[in-house]
Amino acid sequence: MEKYILSIDQGTTSSRAILFNKEGEIKGVSQREFKQHFPHPGWVEHDANEIWTSVLSVMAELLNENNINANQIEGIGITNQRETTVVWDKNTGRPIYHAIVWQSRQTQDICTNLKEQGYEETFREKTGLLLDPYFAGTKVKWILDHVEGAREKAENGDLLFGTIDSWLVWKLSGRTAHITDYTNASRTLMFNIYDLKWDDELLELLNIPKQMLPEVKESSEIYGKTIDYHFFGQEVPIAGIAGDQQAALFGQACFDRGDVKNTYGTGGFMLMNTGEEAVKSESGLLTTIAYGLDGKVNYALEGSIFVSGSAIQWLRDGLRMINSAPQTENYASRVESTEGVYMVPAFVGLGTPYWDSEARGAIFGLSRGTEKEHFIRATLESLCYQTRDVMEAMSKDSGIEVQNLRVDGGAVKNNFIMQFQADIVNSSVERPEIQETTALGAAYLAGLAVGFWDDKEDIRERWKLQTEFKPEMDEDQRHKLYSGWKKAVKATQVFKLED
């Protein structure tokens, strides 16, 4: 009877369950979307109970549709949308408020207030993060401040906090395991990434009682077992956890110092493994934990691109220039160049290394000869220029020149983007055979803990290259194109409309 690892990939818009065999191949996928809540402009929330039921349903569907018995599952790995925050009553098991999603800006005032009091550097020094609504700490404070009776309950030890991984493990284990892993803890603004402990000073600044917080564990160990009635009569070890971007890094077998992966999703996320050294960034990158394994912690530098694949969605849904995303490859390839057109997709500001929340999208270099093909090509190229921006910041901070870039996410299917990416960063771009690297990373972490795979070398050997894109552009052309991009970004930042 063949054995498997089941990976739960709990994302921002859907929950998925994916089955992996010993070879790291996908044997089945089930997916369910859930509702997004937008109570006020800039706020994004989820119903944590709906997330839980969506996870239960995709697991059941996955096993049923693939005729798999629960006793064929050796372990469960969990990867999750990071930073999204749940606070629940440990006695009733019910959340006291919606989950506040990583995208939500409702805690901006808390962040501004802490900055005005001069605490930004304190948070940065201990957590490697910016004082921004993106991260979990201010979300917890907001819930305690705004839900009647919550603060008193928290101080009495009746409330629990967790990122989505914690919430799912607590539910799957029958309320016995209140834990998280290093990668998720490192995204909370409450965890000291050097001491590897919840930080008392930061908790005091946020006014969050320590007893609410989960125990922090490695990314690969047995945290507990499923209770039989949640998993079809079986007690299966829950054995691997990582936030989505760190899971993708692990799934890409980026185990060595200097290994880099870039995910082209709605936004873009680049992570560089910096080994056992936490590199402090001077270039607008985040310092975070890559994974905790075998008693050691590996750190990472992370860069965020706010608009990546969503720029292609905009061509389709906003401008109606295309009917489907794959068409962009054909259009972009019909012309030799953009003829000097640059598109800066700063629809929600600019991320790394600019961190300019007020910048807005812009198009430069239009002429009477500009056609749809030039416009589409400029949009695709913008993904690659932004990636170079982040890569240069990483090389500067780490002192490591990136030799090759491993890629995943929806846009990697586009050969034009991949080739232009290789050209503009002047390094090879490696597209793997299995592109579900986030779920695969969580599966690998769980599989290592239960002995399904032997060690990192065993995993490294299973990473398979589908296509390698090598740079073909000469240095003069590369320099000219990238210089034009930098001018376009600068002009975008200068243009500001008054309220």
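Note that Cβ sites are derived from N, Cα and C of the backbone, with glycine treated the same way.
Record note: Swiss-Prot gives ARG82, GLU83, ASP244, GLN245 as glycerol-binding, and the candidate from TYR134, TYR194, TYR291 in that site is TYR134. THR266 is the only one of THR53, THR266, THR352, THR370 that Swiss-Prot places in the ATP site (with THR12, THR13, SER14, GLY309, GLN313, GLY410). Looking only at the binding-site residues ARG16, ARG82, the densest Cβ neighbourhood within 10 Å occurs at ARG82. Here THR266 (ATP binding site) is positioned 11 angstrom away from THR12 (sn-glycerol 3-phosphate binding site), judged by their C-alpha atoms. Neighbour density for THR13 (ATP binding site): within 10 A of its CB lie 12 other CB atoms from the protein chains shown. In the three-state DSSP assignment, the secondary structure recorded for ARG16 (ADP binding site) is strand.
Close to the recorded sn-glycerol 3-phosphate site, the chain also has ASN80, GLN81, THR84, VAL101, TRP102, GLN103, ARG187, GLY243: residues not among THR12, ARG82, GLU83, TYR134, ASP244 whose Cβ is within 8 Å of the site's Cβ mean position. Of all the binding-site residues listed here (GLY309, GLY410), the one with the fewest other CB atoms within 10 A of its own CB is GLY410. Proximity of GLN245 (glycerol binding site) to non-local residues of its own chain (separation of 6 or more, Cβ distance below 8 Å) is seen for ARG82, THR263, PHE269, LEU271, GLU302, THR438, given in sequence order. Here the C-alpha separation of GLY410 (ATP binding site) and TYR134 (sn-glycerol 3-phosphate binding site) works out to 23 Å.
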